[in-house]
Amino acid sequence: MKLTKGCAYKYIIFTVLILANILYDNKKRCMIKKNLRISSCGIISRLLKSNSNYNSFNKNYNFTSAISELQFSNFWNLDILQKDIFSNIHNNKNKPQSYIIHKRLMSEKGDNNNNNHQNNNGNDNKKRLGSVVNNEENTCSDKRMKPFEEGHGITQVDKMNNNSDHLQQNGVMNLNSNNVENNNNNNSVVVKKNEPKIHYRKDYKPSGFIINNVTLNINIHDNETIVRSVLDMDISKHNVGEDLVFDGVGLKINEISINNKKLVEGEEYTYDNEFLTIFSKFVPKSKFAFSSEVIIHPETNYALTGLYKSKNIIVSQCEATGFRRITFFIDRPDMMAKYDVTVTADKEKYPVLLSNGDKVNEFEIPGGRHGARFNDPHLKPCYLFAVVAGDLKHLSATYITKYTKKKVELYVFSEEKYVSKLQWALECLKKSMAFDEDYFGLEYDLSRLNLVAVSDFNVGAMENKGLNIFNANSLLASKKNSIDFSYARILTVVGHEYFHNYTGNRVTLRDWFQLTLKEGLTVHRENLFSEEMTKTVTTRLSHVDLLRSVQFLEDSSPLSHPIRPESYVSMENFYTTTVYDKGSEVMRMYLTILGEEYYKKGFDIYIKKNDGNTATCEDFNYAMEQAYKMKKADNSANLNQYLLWFSQSGTPHVSFKYNYDAEKKQYSIHVNQYTKPDENQKEKKPLFIPISVGLINPENGKEMISQTTLELTKESDTFVFNNIAVKPIPSLFRGFSAPVYIEDNLTDEERILLLKYDSDAFVRYNSCTNIYMKQILMNYNEFLKAKNEKLESFNLTPVNAQFIDAIKYLLEDPHADAGFKSYIVSLPQDRYIINFVSNLDTDVLADTKEYIYKQIGDKLNDVYYKMFKSLEAKADDLTYFNDESHVDFDQMNMRTLRNTLLSLLSKAQYPNILNEIIEHSKSPYPSNWLTSLSVSAYFDKYFELYDKTYKLSKDDELLLQEWLKTVSRSDRKDIYEILKKLENEVLKDSKNPNDIRAVYLPFTNNLRRFHDISGKGYKLIAEVITKTDKFNPMVATQLCEPFKLWNKLDTKRQELMLNEMNTMLQEPNISNNLKEYLLRLTNKL
């Protein structure tokens, strides 16, 4: 048989690989015996070299294609070669020919020199040995997710999977810098395909293993922490004989054993610094005990996930993937177990030891050490595990549950110097417990509940079972050293974490795709609680304002996704305002549709059916559907369509048309819904949208019907009201009954009437917003036209005089909420405005806003000043100044209104207002004297107040952070010099997330300065992001928030922002968190 040159070449390669197989070292589980490894590599290299001179062959035939075409993996059974060579050949067809096999053979030489399993960047790209390849029955699919196929047409990055998005404990995970290439022709980033690990909701499979009980011993020392774990395990019904794979990142192994038999690395298991794989033939077929002892380093863990050190406190943060940085575990939310935890540490340094559940006992250890044992009788996923050790002081109280009269001990902990700031948190906890009992009928289920404040925390708080851990700014407050907003924040965050005890803990998630089931639902519960506790209309308006200015922007950006995403790379990147805030509105709509009585029935069904188990969004919808059937008295009624809210991205636009038949006294409302298609969802379906409406008599402003809720389930529908005596004004989406854009098609006169007389605060607020938006868009286009045409003089449409009179009417209304008045004198937030303007010129928008404020101020500044002075006595009353258990939210709203008015008057340079600013700076309330610093930016007293307020703030870290925010948002031309001053004199080398966010994020809201046409604002923030990414990827990604609006800006600014994002993507050690976020944001993933 005559062979072609190409065919001959294939069989030469085949012969070399046969040799490799013969020399395979079974004992060491190594591909080729070490003494022939270099020789084999030399054969390959010489063959490649000779081939490079083979002129008739080298241009037309690809070495890797030759091997690929042989398709050895179809008939070769040797698992090591199949996975480590042949699968890599298929995945690397386009790489240099010497790269593939040479790299795989030579890399093991270096690996053998590093057997201690400490953090090793060289391990990042290693394949896992001894595991099933492409087995569709693989039940450990959470860590073996397949990359996208090229046919999907989606760009991908290297090793971006669910587990590799954090730093290793001594540095940044080293990603292959070759993943991102610069294309000089269009300054874009080209990302090679077939590299990230994409996790899909549709690929969920139960684990092949069960963990029943977890016994942990955590021994804390100065330079290391030793963690010994015993897992009581079993084989699940889904097991198909696969390897036992544990998640474990950056762990140094002391010992691995099963049923007290030590396992041998390489022969019975492998560890690649990310996954511990125990080969299936060494896994027992029934119940067994898996034990491990590892060493970790919380003292150098600056990523603040897993176990880390905040000042002198050892603390954990395990959601979503932190537990794997403490010990080996099958780290997924449906792996629920009972925990028995013992913590030991130096008694002088760490006198307080805490973990989940009830404390069983405490004990002394020779050598000045001590320990405590904790038992949590409730099943929980590992992300709810927590441990704290430190020199902490506390306040405590006893709570008696409503139904069972059980005594619960409540403790709130902090550093000693901040104990006096714990009282409000303790009050909020008691209020939360009572609310959950009264509204939902849910009692606390342990005998003790601990809340702990720590200074270094990536997010707001964490709901760990029985041991809630808080960012200090979400637990500590005093009237002397905290801004007013701190009290509302603590109320909501303490409530949120407590409410998770049922919605998140006792009923947890089947998988991370269901995140909104615990977060959206719990935010909804938190909102109900805070609205009830504050009794102010502005509490609900603040939630609406957040959604419409932040989440709506995300929904129209390249980051748009449903509240339940269908795929993710890094789970931490999906803790978004969509999942949380839009998710909470989706959960709230059930209440709107069902009414309180039937909503509670549905909620009760959900808890009883799923208590102690995992759940999905379908489970919650099923429970609400049962209540819907009850309400409708119709067993055929269903909420199947409602599930589209969980799967469809984007914000619906709902528009209205009206018809009144005077003869029939019949009023018709025609409604249409439309959601814009996007790149991920080309087709959008009609949603189930509840529309709470009222009808207002235009002659006297009174209600003509009782409020009712319309159910829009089609693209268009018409709703008819009978016996309507006069043509009414519709009051639409009362209480913001659905998260949609409302196109009401009302006249300004009708909106003004609603603003003045409607009984619903949201409708009044929205009517005001719509009038503002009409004026903004009109004036913006006039300014833009003048700029583009270089006109020296031009006419601008004045603000409607009737609207200004309506604002005056409401300001002078003694019954109107002071916080509501703050909203109506303020233009909509920039991030809300941006949703209505394409190719935004930020300078033009700034000019537009200044013009409108001046138009209104010229007529109302005297009214503003009069109100500013008249409210002073009540707003700054000191009767309860020293009583931290008494908080008056109405009084706080008065201070908010006064500070808003002072800002408007300062911008307008109102006569003698500087004297008022100086006097205001003497107030004992921090919100007041920080406002005086902020508004002094318009005067030459700024640096005088800068120094004065710094001295007032510097000894309290949380108050200093509020001061930093105030300085950062200063509306001054020299803000860049001021930020540099903050960096050098205050921030310095701080790695504290609160400090970093405080210095930079407020600045990004400055229309003129951050969006300076030179691009220096974008460059500054990009440099901060890159620097932060080296030690804390999660915070680095949070700092990307201002880049979300890049595609809304004008062409020049789009280009500048895109250039900075591309520069960040080219960083050689960019984290997976940041890489995925930027790739999605720039439409590359």
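Using N, Cα and C of the backbone, Cβ positions are placed for all residues, glycine too.
Under the heading active site, proton acceptor, Swiss-Prot lists Glu497. Residues or ranges marked as peptide binding site in Swiss-Prot (evidence: a large-scale study or a structure entry): Glu319, Gly460, Ala461, Glu463. If you look up Swiss-Prot, you'll see 112-123 marked as compositional bias 'Low complexity'. Look at Swiss-Prot and you will find 108-130 tagged as region 'Disordered'. The site 'Transition state stabilizer' annotation in Swiss-Prot covers Tyr580.
In terms of Cα spacing, the recorded positions Glu319, Glu463, Tyr580 that come within 10 Å of the residue listed as 'active site, proton acceptor' are Glu463. Residues near Ala461 (peptide binding site) in space but far in sequence (CB under 8 A, at least 6 apart, same chain), listed by position: Asn468, Ile469, Phe470, Asn471, Ser474, Leu475, Val493, Val494, His496, Glu497. In this structure the alpha carbons, written CA, of Glu463 (peptide binding site) and Tyr580 (site 'Transition state stabilizer') are 15 Å apart.
Across the residues annotated as binding peptide (Glu319, Gly460, Ala461, Glu463), the widest Cα-Cα separation comes to 12 Å. Other than Glu319, Gly460, Ala461, Glu463, the residues of this chain whose Cβ falls within 8 Å of the Cβ centroid of the peptide site are, in sequence order, Val459, Met462, Asn468, Ile469, Phe470, His496, Glu497, His500. Rounded to a whole number, the distance between the Cα atoms of Tyr580 (site 'Transition state stabilizer') and Glu319 (peptide binding site) is 15 Å. Put simply, Tyr580 (site 'Transition state stabilizer') is 13 Å from Gly460 (peptide binding site) when counted between their Cα atoms.
Listed in sequence order, Thr516, Glu519, Gly520, Val523 are the same-chain residues six or more apart from Tyr580 (site 'Transition state stabilizer') with CB atoms under 8 A from its CB. Secondary structure from DSSP puts Ala461 (peptide binding site) in a beta strand. Fewest Cβ neighbours within 10 Å among the recorded positions Glu463, Glu497: that distinction goes to Glu463. Neighbours of Gly460 (peptide binding site), defined as other CB atoms within 10 A of its CB across all chains, total 15.
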